[in-house]
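Feature annotations, reproduced from Swiss-Prot:
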COILED    187-232  coiled coil
MOD_RES   Ser2  N-acetylserine
MOD_RES   Ser149  phosphoserine
TOPO_DOM  1-232  topological domain 'Cytoplasmic'
TRANSMEM  233-253  transmembrane segment
Amino acid sequence: MSNIDLIGMSNRDLIGMSNSELLTVEPLDLQFPFELKKQISCSLYLTNKTDNNVAFKVKTTNPKKYCVRPNTGVVLPRSTCEVLVTMQAQKEAPSDMQCKDKFLLQGVIASPGVTAKEVTPEMFSKEAGHRVEETKLRVTYVAPPRPPSPVHEGSEEGSSPRASVSDNGHGSEFSFERFIVDNKAGHQENTSEARALITKLTEEKQSAIQLNNRLQRELDQLRRESKKSQSGGIPFMYVLLVGLIGLILGYIMKRT
């Protein structure tokens, strides 16, 4: 069967040919998660429904675009064979994301003991009188899988890394808003504590200044009274009072 014959097949032909007697093919649609400049692979599974060896051959309308491994082979009785179809990296994406490429799987009963190396094109020749079973496969493009969401390091062990989703689908937004509110509340609490500490220190400093001023006034008054009452040396009580005032001032200044 030529490439022109493959293109001319309709969906009705596909439905009729999918009811195979020799090989069951899964899937009938080759789905490629299309990405530019990246090779993409898709697996075909061929299951032999008979008690005979079945030789197969895979053909495509666009052989330069796809690599099929193996493209020929033998499926043993009541067994399954995997065929890997790889689409070469594409430089441009189709405008409508539609693919017109098609594949054709041919199957024929083979002699007992035949190997994959012994499969020849003549085995699939209808002109030679061989009964060839054919299954047409379509190619479709699908969206590539999304990358997984990153897991936050701060999540607790055993808990889900994703935020719980409510009925309206906005659970992650609510969790994010709650996170912002909690951070603001903690920041405001820390700010309030800092303000209270600053206020307390300011009040203590003002009290120390007032006490210092009062002691200074009392010291000046004692000096004046001392000058009036005594003309000689410095009285012992005066020296004691000055020393006491110095100790008090030193203690206060150390606290502030």
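The backbone N, Cα and C atoms fix where each Cβ goes, and this holds for glycine too.
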Sequence-remote partners of the transmembrane segment (233-253) [C-beta within less than 8 Å, at least six residues beyond its ends]: 208, 211-212, 215, 219, 222, 226
Give, as a single whole number between 0 and 100, the mean pLDDT over the coiled coil (187-232). 78
